[in-house]
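If you check TrEMBL, you get these features:
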ACT_SITE  Ser107  active site, phosphoserine intermediate
BINDING   Gly33, Leu34, Ser35, Gly36, Ser37, Gly38, Lys39, Ser40  ATP binding site
DOMAIN    26-175  domain 'APS kinase'
Amino acid sequence: MKTENTVWHNQHVSKAQRAELKQQKACLLWYTGLSGSGKSTIANAVDALLFANQHHSYLLDGDNVRHGLNGDLGFSDQDRVENIRRISEVAQLFVDAGLIVSTAFISPFRQDRALAASKLSAGEFIEVFIDTPIEVCEQRDPKGLYKKARAGEIKDFTGIDSSYEAPENPQIQIKTADQSIEQCAQQVVDYLIEHGIIAAKKL
Ligand SMILES: Nc1ncnc2c1ncn2[C@@H]1O[C@H](COP(=O)(O)OS(=O)(=O)O)[C@@H](OP(=O)(O)O)[C@H]1O
Ligand SMILES: Nc1ncnc2c1ncn2[C@@H]1O[C@H](COP(=O)(O)OP(=O)(O)O)[C@@H](O)[C@H]1O
């Protein structure tokens, strides 16, 4: 550790106070799933629903973070671990600000998702498994990446030559092949209401 001479400062305003002002509880919706499974689509739909109902939320999305904060990282196992570690730290700060935070990253390794969860209090970390079979993801192929990976133009592609460890006990499991985008988003919103993170209001 290079931080041995630094001291943690407790803030006067707590996470709970910040969240209460926003009439919500702070939490982290951690979306995980294969490329093309629907993480971004569903996380964006949920975020839009929350915003429309005056909630304070923020979405950290894969490609955007990789263009900036994590622009130095590729797709080796080691780089993915570091990618998720940094995202976990950033997400924790946003949760501290009292927000309903969403992260939409493949986050293929259980251990890294567990690390993200360990930084938050009980009930704050909500693992959302976007459970879409690889055949469906590959058929959708929204960015043409599966085609390139099959052609050998991209290596270490998740689900093809890089592993994905599915969650064993996610708080929310969404089967996108059987439901519309709206139904998937509503499944997340229903969870937030049932667990007292937001009030029912119009959602
Ligand atoms: N080799 C390889 N494997 C998987 N994905 C790849 C790869 N190369 C580029 N991409 C694109 O990068 C997006 C995944 O980035 P993540 O930061 O979510 O990945 S990870 O959590 O670190 O595994 C992923 O975005 P999504 O399709 O939205 O998941 C791809 O668009
Ligand atoms: N029920 C659904 N939920 C989410 N996405 C869906 C669904 N049905 C079809 N799709 C489509 O699947 C694709 C998912 O892409 P994307 O959200 O970018 O996935 P990811 O972020 O996991 O890579 C989009 O083109 C989206 O329109």
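One-based numbering along the chain as shown.
Glycine too: its Cβ is placed from the backbone N, Cα and C atoms.
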Other than its own, how many Cβ atoms are within 10 Å of the Cβ belonging to Ser35 (ATP binding site)? 24
Rounded to a whole number, how many Å is the Cα of Gly33 (ATP binding site) away from the Cα of Ser107 (active site, phosphoserine intermediate)? 7
DSSP-derived structure type at Gly38 (ATP binding site), helix or strand or else coil: coil
So which binding-site residues out of Leu34, Ser37, Ser40 end up within 10 angstroms of Ser107 (active site, phosphoserine intermediate), measuring C-alpha to C-alpha? Leu34
Summarise the domain 'APS kinase' (26-175) by DSSP state, stating how many residues are helix, strand and coil. 62 helix, 27 strand, 61 coil
Setting Gly33, Leu34, Ser35, Gly36, Ser37, Gly38, Lys39, Ser40 aside, what same-chain residues sit with their Cβ within 8 Å of the center of the Cβ atoms that define the ATP site, listed in sequence order? Ile106, Ile130, Thr132, Cys137
Quick test of your reading of the structure: among the recorded positions Gly33, Leu34, Ser35, Ser37, Gly38, Ser107, whose CB sits under 6 A from ligand 1? Ser35, Ser107
Contacting recorded positions, sequence order - Gly38, Lys39, Ser107 vs ligand 2, Cβ under 6 Å: Gly38, Lys39
